[in-house]
């Protein structure tokens, strides 16, 4: 049996874009700014960590992290993120979005600072404590995914909902770019204050004791913007959809949203009742009938996207080195190498990553989620093949520009594509009482793909004849890029299951105001 949508939810759906929308974007977006900074800044400093803690003066090459340590340092935060997405996603539906929103931010800030203060000066102690705190940092980051997406979707009007959720996620691009800028500034300042010779001239002096401060400052710096938004997170009222549809307190939801929208919203006594047939749970037959295909679509596409996206992001430095865009390590001192890595990644972020996010913001409610995701996976597949097929030609001196342009375009269409839409869609198509949980499951499946990308690409991309010290032979960079192209193509196929949510209310999408007899089978486009 169908029931009428609550007046307070109608008011939110048709509300004009106003100040509170932008305030919500900034409050939720600053969490994602820190999320991206914290998750990706480690990729900038891993070569520096290798030089500081694993250089052997008797050898003719700068030190680098052993294979198992590198995998742990890069992957442990992703493991924490996966656990946090599942836990806080579930908790957001049980206790309320606002109730746990502040805790995730505190956890991120404290663990980011603790990561930079990792104990001791010996490799074992520093790497052990760094991995410990980065796991819990990831746990807090994981909570921000389902909570921020759900809060923004439940606050926004149906006309521009995609734009505002995309704007929250787009702050990730600024977080990545900010990480490279901080690294450039800090490394430049220390390089000029404490000059050091290249490694081939003096191995020990090329590092310098000051380098140990550099990576710690970089790791901790990203917490500042997020910490400044904590007060405003705590001042946000609970979303009306949680208060009315889950807590069953329509009166409180109406009161809260009247203040937020700065208008009087009428309340009807009958609206305290819940719609028929809306008490089934995640593992019920009714959920599988209505949303089983939807959950398969959101989990599979996010998983496949993150295999490719994180393997490219976390190991940009290795790719740039292998194509010769960054000089051989022995010709530089530790901080010069860090500076060059950050500069290269800043260029990719500025030209490909950040514009891609904001193209999504601009077009998500015009083109729609389905077509943007389909286009993104298609273009990622094409550009990855365009790199892989002529790879041996592109890595030769004088042809690096072509490689970087094609590589940057894969990032552009990842962000003007599935990296944004896989975050948006799960926050729209599931019922309110399972929305945060299902978003957390979708995101956690994505992080499982990220872990496979982070660990797998590191080993798979090793040269077939001369792997790096500590690694076994892999399939080579070119073949690894072919695998990523295939992964993107699979993402394209599974995207055909993704429903279009543009311009529809959350209750219409989730069929929250219909009973079992009126429910329609999940549809595609």
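Backbone N, Cα and C define each Cβ position, glycine as well.
Residues 73-74, 77-78, 81, 104-105, 108-109, 112, 134, 137-138, 141, 144-145, 148, 151-152, 155-157, 160, 164, 167-176, 178-180, 182-183, 214-215, 218-219, 221-223, 225-226, 228-229, 232-233, 236, 260-261, 313-317, 338, 341-342, 345 of the same chain, all 6+ positions outside the transmembrane segment (20-45), place their C-beta atoms under 8 angstroms from a C-beta of that stretch. Residues or ranges marked as transmembrane segment by TrEMBL: 20-45 (among others).
Taken from TrEMBL, the feature domain 'Major facilitator superfamily (MFS) profile' covers 24-503.
Per TrEMBL, the feature transmembrane segment maps to 65-88 (among others).
Beyond the transmembrane segment (100-119), the same-chain residues lying 6 or more positions past its ends with a Cβ under 8 Å from any Cβ of the stretch are 31, 34-35, 38, 84, 88, 91-92, 125-127, 129-130, 133-134, 136-137, 139-141, 143-144, 147, 151, 215-217, 219-220, 222-223, 226-227, 229-230, 233-234, 236. Annotation comment: TrEMBL describes 100-119 (among others) as transmembrane segment.
Per TrEMBL, the feature transmembrane segment maps to 164-190 (among others).
What TrEMBL lists as transmembrane segment is 213-232 (among others).
The transmembrane segment feature in TrEMBL is assigned to 346-364 (among others).
TrEMBL lists 370-391 (among others) with the feature transmembrane segment. Long-range Cβ contacts of the transmembrane segment (370-391) within its own chain (Cβ-Cβ under 8 Å, at least 6 residues beyond either end) map to 301, 305, 308, 360, 363-364, 403, 406-407, 409-410, 413-414, 416-422, 425, 477-479, 481-482, 484-485, 488-489, 491-492, 495-496, 498-500, 525.
Here TrEMBL flags 403-427 (among others) as transmembrane segment.
Feature annotation from TrEMBL assigns transmembrane segment to 439-460 (among others). Tertiary proximity for the transmembrane segment (439-460) is limited to same-chain residues at least six positions away from its ends with a CB under 8 Å from its CB atoms, namely 67, 70-71, 74-75, 78-79, 81-83, 85-90, 92, 142, 145-146, 149-150, 295, 298-300, 302-312, 314-315, 318, 422-423, 426-427, 430, 471-472, 474-475, 479-480, 483-484.
Feature annotation from TrEMBL assigns transmembrane segment to 480-498 (among others). A Cβ distance under 8 Å defines the sequence-distant neighbours of the transmembrane segment (480-498), meaning residues of its chain 6+ beyond its ends; these are 293-294, 296-298, 300-301, 304-305, 307-308, 311-312, 369-370, 373-374, 377-378, 380-381, 384-385, 387-388, 391, 418, 421, 425, 457, 460-461, 474, 524.
Through the fold, the transmembrane segment (403-427) approaches residues 145-146, 149-150, 152-153, 162, 165-166, 169-170, 173, 297-298, 301-302, 305, 308-309, 312, 319, 323, 325, 347-348, 351-357, 359-360, 363-364, 369, 372-373, 375-377, 379-380, 383-384, 386-387, 394-395, 435, 438-439, 442-443, 446, 491, 495, 498-499, 501 of its own chain, all at least 6 residues removed from its boundaries and within a Cβ separation under 8 Å.
Confidence annotation: the domain 'Major facilitator superfamily (MFS) profile' (24-503) carries a mean pLDDT of 87 in the model.
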